[in-house]
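Undergrad: Marked as domain 'NADH:quinone oxidoreductase/Mrp antiporter transmembrane' by TrEMBL: B:128-414. The transmembrane segment annotation in TrEMBL covers B:6-23, B:30-49, B:69-95, B:107-126, B:132-150, B:204-226, B:238-257, B:277-296, B:308-331, B:368-390, B:402-423, B:451-478 (among others).
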């Protein structure tokens, strides 16, 4: 197991995590027309949490996350399915992209974005479940010794 | 706008996501399981109604026109299969409330069940061959996770065989799709069918047809690649086996029906002749395998294999009547086989064993359960007036009309041997006195549990009786769907929206 508690890792994790999360949101939002999107953004975000995990251990990470990774997956999947539905009200086939412009900030909101957010959450949730399970299994073995 | 085409896929996906969201609340998960499968059943009936009223229903997902986007297509066969998925999903959801333990639920039994149903419904409704592959994979992932829930040693052993062979089949399927795409440059099944008709390289098409036949044959558990099925189906919790027994192999059969009526119908002398031999051998090996078994669920598993043979026989003869028989057989089989697995689960709940030698005396203690076993068991063997009799009758009559006497004789013989197996279960589990060294019976199910156990079994038994006694409308349905299958031009026209020149 990686020795957590070195000074450089601690400081770097605290500094890098917000930056990485910000970058992941940037990737998520630019995804529709340019390279980016929910999947890669989710990987970047889970990279941020993984860094924190290496520095401070699983318990601190769970506390910081506040929600369980399972909830992220469930929520993401729900968003994914929900994004298929708005086309129904327009009388179009499911999954047809719907675009709305939010007037004050000139932001184009759309069903592909909802879907991307869903993917973002699912990717984060699945990576976190795997990484947390590996770390916790590892530390259990250590404590048995 | 016809939302009912996509809803049978979206509803289980949504229920699965929802029950994952409620992973802490056991009661909520159970509620979602029942409500979601009930909604699936209702929308599937809606779909069947609109398909039989207005003809083939098509939805181009995301409004991308065919053949560029993915189209969902519901013809009568697809709609019938989705209705059966709904019935089985609902029955198994009820049954699993009483039989799936707390531990299994904690590891995500219900989300996986919904995912499996979504995969099955997706495979029945998609009109795109690569999308079909994707739904197969969704199904495989969900079924693999369900198969190893509980992680017992026997489960792992069965699961390895299951996964190895199914992955092999997926690889063959995927390479066949790739080659087909290289040949015709499209993935939309209707478009493929149209372009293959204009192609002159018959040899290459036959090779591709064989690859698809092997891939789907493994999924359908046809001879000679069926042995993953009896090796794995008796290991998971019984609700899971019932779900698998009813639906999974039939997705393979459905894919064979779809591909070999729509796409590869150029040289039936060659491809369907091979299917015919496969069908005969599948029937025979399955039933002989069952005769040697003494475990409730293993006997039933081998009988799935032998029954698959009848369905493929209907396709292989490739006459209108034979297809009617095949479709009728699928309808009858899914309901009956699931019901038999549910009965075996009930017996296990009462006596704590699946071994016939350790069972006995159930007729004395639970006469109604014995009756409920006899209905699907005799229907499986093909005794009149139950559904299996008419299904077998139509297939065998089609065989005689097509002058395929050898395989028809095999079909009759297999019916007799099926009766032998069913009587064996009856005599051992129900009729004979309980053995002296029987294991102490587990705690008797509570009143509420008994309701949950009886309800799906009674419901499915009533379905069997209804197919047998009021068979005319169902036969008409099978006849109409076979007519659609024999005339792929209608399918192509519905998807591509163009007149087809034969």
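Heads up, residue numbers simply count up from 1 along the chain you see.
Using N, Cα and C of the backbone, Cβ positions are placed for all residues, glycine too.
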Undergrad: Does the transmembrane segment (B:277-296) make contact with the transmembrane segment (B:238-257) through 3 or more Cβ pairs under 8 Å, each pair 6 or more apart in sequence?
TA: no
Undergrad: Can you name the far-off residues of the same chain, 6+ from the ends of the transmembrane segment (B:451-478), with a Cβ under 8 Å from a Cβ of it?
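TA: Residues packing against the transmembrane segment (B:451-478) from afar: 52, 76, 80, 87, 90-92, 94-95, 97-99, 324-325, 327-328, 331-332, 335-336, 338-339, 342-343, 345-346, 349, 368-369, 372, 375-376, 379, 384-390, 394, 445.
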Undergrad: Check the transmembrane segment (B:368-390) against each of B:6-23, B:204-226, B:238-257, B:308-331, B:402-423 and return whichever range has the most CB pairs under 8 Å.
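TA: Counting Cβ pairs under 8 Å, the winner is B:402-423.
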Undergrad: Counting Cβ pairs under 8 Å that sit 6 or more residues apart, are there three or more between the transmembrane segment (B:238-257) and the transmembrane segment (B:30-49)?
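TA: Since fewer than 3 Cβ pairs under 8 Å link them, the transmembrane segment (B:238-257) and the transmembrane segment (B:30-49) do not come into contact.
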